[in-house]
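Below: one structure, written as structure tokens.
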Amino acid sequence: MVASHRLLTLMVFALLTIPMISGLISDKCTEGCKSTIGCNTRCMMRGGGYCESAKIHGAVKIFCCCNNYSNSPISSPVIN
């Protein structure tokens, strides 16, 4: 039972870190989110943003992550 729990924990860890290693998370997230309002302002043209915490090398770091919505009303051209 303990071995299967450890295996499951390892699999979840791998699934969470693979996108970060490959650059999928780091492309839309930057380190140093001080407030959600500031992150939303920085990511306004991408559909807003949010603060996300992640544990990297044993330390918890907070990132500002942009939504990257391609159909955001702010970033989409107006069609009349």
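Backbone N, Cα and C atoms are what each Cβ position is placed from, and that goes for glycine too.
The disulfide bond annotation in Swiss-Prot covers CYS29-CYS66 (among others), and the record cites similarity to another entry as its basis. According to DSSP, CYS66 (disulfide bond) is assigned to a strand segment. Other Cβ atoms within 10 Å of the Cβ of CYS66 (disulfide bond) number 20 in total over all chains.
CYS33 (disulfide bond) has a Cβ environment of 20 other Cβ atoms inside 10 Å. The disulfide bond annotation in Swiss-Prot covers CYS33-CYS51 (among others).
Annotation source Swiss-Prot lists disulfide bond at CYS39-CYS64 (among others), citing similarity to another entry.
Summarising the annotation, Swiss-Prot assigns disulfide bond to CYS43-CYS65 (among others) and lists similarity to another entry as the type of evidence. DSSP classifies CYS43 (disulfide bond) as coil under the three-state reduction. Every protein chain shown contributes to the tally, and the Cβ of CYS43 (disulfide bond) ends up with 23 other Cβ atoms within 10 Å.
According to Swiss-Prot, the signal peptide annotation covers 1-23.
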Rounded to the nearest Å, what's the C-alpha distance separating CYS39 (disulfide bond) and CYS33 (disulfide bond)? Just drop the number here, would you?
6
Using Cα coordinates, what distance in whole Å links CYS66 (disulfide bond) and CYS33 (disulfide bond)?
11
